[in-house]
2 protein chains.
Amino acid sequence: MTRIAIPADSFFGSENLPYGSFSTKDNPLPRVGVRVADSVVDLSVALGDDVFAQPTLNPFMAQGRAAWDKTRSRIKELIAEDIPDAAVHAVSDVTLHLPIEVADYVDFYASEHHASNLGRLFRPNAEPLMPNWKHLPVGYHGRSSTVVVTGTDIIRPQGQRKGPNDPAPVFGPSVRLDIEVELGFIVGVGSRMGESISPDEFAEHCFGAVILNDWSARDIQAWEYVPLGPNLGKSFATTISAWVVPLAALEAARVPTPVQDPEPLPYLRGKENWGLDVDLEVHWNGDTISRPPYAPMYWSPAQMLAHTTVNGASTRTGDLFGSGTISGPEKNQRGAFIELTWGGAEPVLVNGEERTFLEDGDEVVITATAPGLAGTRIGFGEVAGRILPSRGGAQ
Amino acid sequence: MTRIAIPADSFFGSENLPYGSFSTKDNPLPRVGVRVADSVVDLSVALGDDVFAQPTLNPFMAQGRAAWDKTRSRIKELIAEDIPDAAVHAVSDVTLHLPIEVADYVDFYASEHHASNLGRLFRPNAEPLMPNWKHLPVGYHGRSSTVVVTGTDIIRPQGQRKGPNDPAPVFGPSVRLDIEVELGFIVGVGSRMGESISPDEFAEHCFGAVILNDWSARDIQAWEYVPLGPNLGKSFATTISAWVVPLAALEAARVPTPVQDPEPLPYLRGKENWGLDVDLEVHWNGDTISRPPYAPMYWSPAQMLAHTTVNGASTRTGDLFGSGTISGPEKNQRGAFIELTWGGAEPVLVNGEERTFLEDGDEVVITATAPGLAGTRIGFGEVAGRILPSRGGAQ
């Protein structure tokens, strides 16, 4: 039997308890575990429930809020006592897998600072914010098949690009490969066609949150994105963290969103606070180059889900929605290199070297923490990815 | 035993043989069948193979081209002989289900006539075609959860809209509910991250085609779509036909695309012809109001798949990609009401009544046929949907 020691300053104490999918050398079948300090508790063993002997969280998430709450209580009791050795693994000994089977993936654009910066960069002769931006959370559907777990290498995408002075588009590996620092929110219980989810019903549907890196090839995106939005500039890869932080763990992080003026339409209004006081950090080859804060995000995730369903679109277990790039008001709070370097015109120092976009071999690691209950601080783990050279081949 | 009589002019003769998912009163479990004249042959019974005892075509599609070809040969032999009664049902006696489990859904914009018309309507003060349009098949990801089978009622979506003279957006049921007549192409065998599919590898990956109606709320779309593309204006419903016409049945329909000038980049060039001579018809409350031809579509489905994967994005069994609205050069060949009525300014006559967009209770049926081998004509069946009033509720 093992009693897991939880240091007082652990980001993975009893007020966090994020879920993930893991396997071990002895048992290569992915199954559901919960992270406690530097250990992973195998819930298929510890709770003896087949819903955790599945390769993703989806079957558990589909059970709904009452089951989520009950399981969280049982886990708190469990880790206060000795646990059978067979149920406890060191985090360093396990392989982490994509924790969810992704249904639909929708990416939003909820930071006013990011949307304004991108507007200035992509459309220098127009108002930075589109007229719709303060009336609805603008979003688009992304590619579900290329959502990968932290640690997955990212192959530099190829595609068409056309600079303002190029007479015709050229083809090749992207030369403006970027990141977008985001949080991702996961639907546990969906809704049927014709139903809509109000902002105050958010906690009945949303299971939890992850860190999300929406890798972006800015040169491909700039050429392709009118009039139907981003496609190949984004669809090659999206990385999420391995540990899904339950919504219940974010109680102490809940804050009001910034004042929304003009007041949104009634379907986007709620009484509950779903702004989130989450602090993120971006590490480029180990050098911390930005600290984007989630709290100033204009639209809340509850508003994003309400908007997604107000037309009657159904949602499903495993739906993932991204917040959009998290950028604060300060330069060192920007969550994308295109903003940090102002389109490449103002390089940043990475370990003393001037850099603009990602080079082959570069590694980006994004971390996030938030206040937990009882004076604790909780962690999301990390989203990490290293850039591999383009495969070539197609022309 | 039953020998299925196939009239010489049947759209579902031995040169078609489309696959679908069906159930019967006696056996409510959806399973895979093939349509022959006015009969459905239960392949789980007739071929005794468990891959057809599944609720969708996905497991069969995942087996690949050699298995598809072999099965098609076996079916041709089978229907030339007597078949056990238990394997044969009248089409009128079965319930048809969504034939595939949809993985990612990408919708293109491949008709030059449609893209030009929409450009004139949505952006009257600019060039109708964007500079990228003749260099790449423009497309965006749509919502997979709301792809439904023909016959499913369509609830009028609600959402925000803002006319040019409205001081602020208003909320309510869409007042410009439209259709988009398309073909949908289904990926049988996918590709891994980092791989790309050339246009001449199309037939190894694409299983077959369906008719697709990309229902569109033009008022919601016009307000939301900048800068990230359509979202709620499309995400409420997409209907596909119940019978998946195998690519092999479309051999006689293959034609060159129109001349592509400028010549596309090498990754979009192929030696094979993947233009398709498919004729569609749009019936509005029973009145035939348009006959869109597929043959003039600028980009081929093989080019759409090549483009989707050239950045290394993976594809999966069940991926669905829509052609975009099929509009020919003539007014009575337009595949969307916004084009047919020029944004509502020029009503069309439907059973003698002037109409612009869809009213509650309206039914739209889209049919399609193509030349088959041996002088036959093959059918895609239909995509039908009736508009139900908005549910109200949210504001």
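Quick reminder: no glycine exception, Cβ is built from N, Cα and C everywhere.
Here is what TrEMBL says about this protein:
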| type | residues | note |
| --- | --- | --- |
| ACT_SITE | A:His114 | active site, proton acceptor |
| BINDING | A:Asp107, A:Glu180, A:Glu182, A:Asp214 | Ca(2+) binding site |
| BINDING | A:Tyr109, A:Arg123, A:Gln221, A:Tyr225, A:Thr325 | substrate binding site |
| BINDING | A:Asp214, A:Lys234, A:Thr238 | Mg(2+) binding site |
| DOMAIN | A:15-99 | domain 'Fumarylacetoacetase N-terminal' |
| DOMAIN | A:106-378 | domain 'Fumarylacetoacetase-like C-terminal' |
In sequence order, the binding-site residues (A:Asp107, A:Glu182, A:Asp214, A:Tyr225) whose C-alpha falls within 10 A of A:His114 (active site, proton acceptor): none
Remaining residues near the recorded Mg(2+) site, that is with C-beta within 8 Å of the centroid of the site residues A:Asp214, A:Lys234, A:Thr238: A:Asp107, A:Gly142, A:Arg143, A:Glu180, A:Leu212, A:Asn213, A:Trp215, A:Ser216, A:Ser235, A:Ala237, A:Gly322
Shortest C-alpha distance to A:Thr325 (substrate binding site) - which of the binding-site residues A:Asp107, A:Lys234, A:Thr238: A:Asp107
Sites among the binding-site residues A:Glu182, A:Tyr225, A:Lys234 close to chain B [C-beta, under 8 Å]: A:Tyr225
Cβ-centroid neighbours of Ca(2+) site A:Asp107, A:Glu180, A:Glu182, A:Asp214, 8 Å, sequence order: A:Val181, A:Leu212, A:Asn213, A:Ser216, A:Lys234, A:Thr238, A:Gly322, A:Ser323, A:Gly324, A:Thr325
Sparsest-packed among the recorded positions, when each Cβ's other Cβ atoms within 10 Å are tallied, from A:His114, A:Arg123, A:Lys234: A:Arg123
Cα proximity to A:Gln221 (substrate binding site), best match among binding-site residues A:Asp107, A:Asp214, A:Lys234, A:Thr238: A:Lys234
Integer Å distance between the CA atoms belonging to A:Thr238 (Mg(2+) binding site) and A:Asp214 (Ca(2+) binding site): 5
Nearest-integer angstrom distance between the alpha carbons (Cα) of A:Glu182 (Ca(2+) binding site) and A:Tyr109 (substrate binding site): 10
Number of other Cβ atoms within 10 Å of the Cβ of A:Asp214 (Ca(2+) binding site) across all protein chains: 25
Conformational class of A:Thr238 (Mg(2+) binding site) under the three-state DSSP mapping: strand
Length of the line joining the Cα atoms of A:Glu180 (Ca(2+) binding site) and A:Tyr109 (substrate binding site), in Å: 11
Residue distribution over DSSP helix, strand and coil in the domain 'Fumarylacetoacetase N-terminal' (A:15-99): 32 helix, 22 strand, 31 coil
Secondary structure at A:Glu182 (Ca(2+) binding site), reduced by DSSP to three states: strand
Distance [Cα-Cα, Å, rounded] between A:Asp107 (Ca(2+) binding site) and A:Arg123 (substrate binding site): 21
Most crowded position, judged by CB atoms within 10 A, among A:Asp107, A:Glu180, A:Glu182 as binding-site residues: A:Glu182
